[in-house]
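Have a look at the structure below before the remarks.
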Amino acid sequence: MINLLDFNKTGLIHFCEEMGEKPYRARQLLRWVHRFGKTEFIEMSDLAKTFRQKLMERAVVHPPEIISDHTAGDGTRKWLLSTGTGNAVEMVFIPEPNRGTLCVSSQVGCALACSFCSTGRQGFNRNLSVAEIIGQLWWANRLLEGQVGELFSPDVAQIRADNTDTRRPVTNVVMMGMGEPLANFENVVTALDLMLSDDAYGLSRRRVTVSTSGLVPALDRLRERCPVALAVSLHAPNDALRDQLVPINKKYPIRDLLAACERYLPAAPRDFITFEYVMLRDVNDSIALARELVQVVRNIPCKLNLIPFNTFAGSGYERSNTDAIDNFRDVLMQAGIVTTVRKTRGDDIAAACGQLAGQVKDKTRRTGTCGSGRAVVTG
């Protein structure tokens, strides 16, 4: 059976034509599946009965199975999604007064082996399918539906409640979950196309961000195919240190990466690149390195996002103390570089940045099923 979640509009047009249907049927399917979240063809009332029968014989709408659901004290919510054979990936929803951000995974594990990342320690299993990527957004909108009044400030909630197109709680998507998005290029781009489609999720390119550790050729392809907002995991101002923290730097050093960023900017929906910099105590948080970083990025329109490290067992790293982070930020700000310190969210449920390990083989053997049919961890 063909999973319709694997298709963007172009793919659905081809699928419909193969069944002898007109191209406009693809738009109808997109709206039923993604905007209205329907999985049963019998409910798609504006489709001809003969077409619905064909669909029931050949296709399914099958999002990945949810195996656990956790909510942190700050409202951050994390779900584990089964990918079969005891593996799982994670998606995280971060509510804020004026927006709701979904952090999406693109791979089971990651091959890039960044030394400070728990997912990198897991190793690489496989790429996620389009259905498994877009299924995260599909699920989030379904599971959070009706909670707009609780998730947003009163004025924003009222505006969104009055507009059918903005009732969905996810306003922003960041490809910052498990995996390197650009290492799963085709599936990620197809999923991005669905996120941006007015017939599916209708997000603007400014509200969708792809984060990369620096796969330069794929970054150039993204610029040509689907230039959404870009975040680059930099983490060091020189190759010697970045080689240790982000091993892909040995293949695509900082000079090549920054050149790719400059090429990306003319097509980007924002007039800057975001550079991410995890703050590791006594590793990359000195004033000298801050000054070196200023020299490295000063000619690129950018923002710096300093990320306090979230420790995990066996990491070998510690979070920089508050004074070190503040002093590092001040050096950048004094040089005219817009710099923010990321607020740690969801760390009490291991949902914070860098903690998405997804090692749940023991949990998948201990799942039960709730009344809605979704599996939940029982122990």
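Cβ coordinates come from backbone N, Cα and C, glycine included.
Per Swiss-Prot, the S-adenosyl-L-methionine site holds GLY179, GLU180, SER233, LEU234, HIS235, ASN310; the candidate it also names there, chosen from SER197, SER204, SER211, is SER211.
Local packing around the Cβ, expressed as the count of other Cβ atoms within 10 angstroms, is greatest for GLU180 among the recorded positions GLU90, GLU180. When the alpha carbons of CYS117 ([4Fe-4S] cluster binding site) and LEU234 (S-adenosyl-L-methionine binding site) are compared, the span between them is 13 angstrom. According to its DSSP assignment, CYS110 ([4Fe-4S] cluster binding site) is coil. Around the Cβ of GLY179 (S-adenosyl-L-methionine binding site), a 10 Å sphere holds 30 further Cβ atoms from the protein chains shown. Cβ neighbours of HIS235 (S-adenosyl-L-methionine binding site) (same chain, under 8 Å, six or more residues apart in sequence): CYS114, PHE116, ARG242, LEU245, VAL246, GLU276, TYR277, VAL278, ASN284. For the pair SER233 (S-adenosyl-L-methionine binding site) and GLU90 (active site, proton acceptor), the C-alpha distance works out to 20 angstrom. There are 21 other Cβ atoms within 10 Å of the Cβ belonging to SER211 (S-adenosyl-L-methionine binding site).
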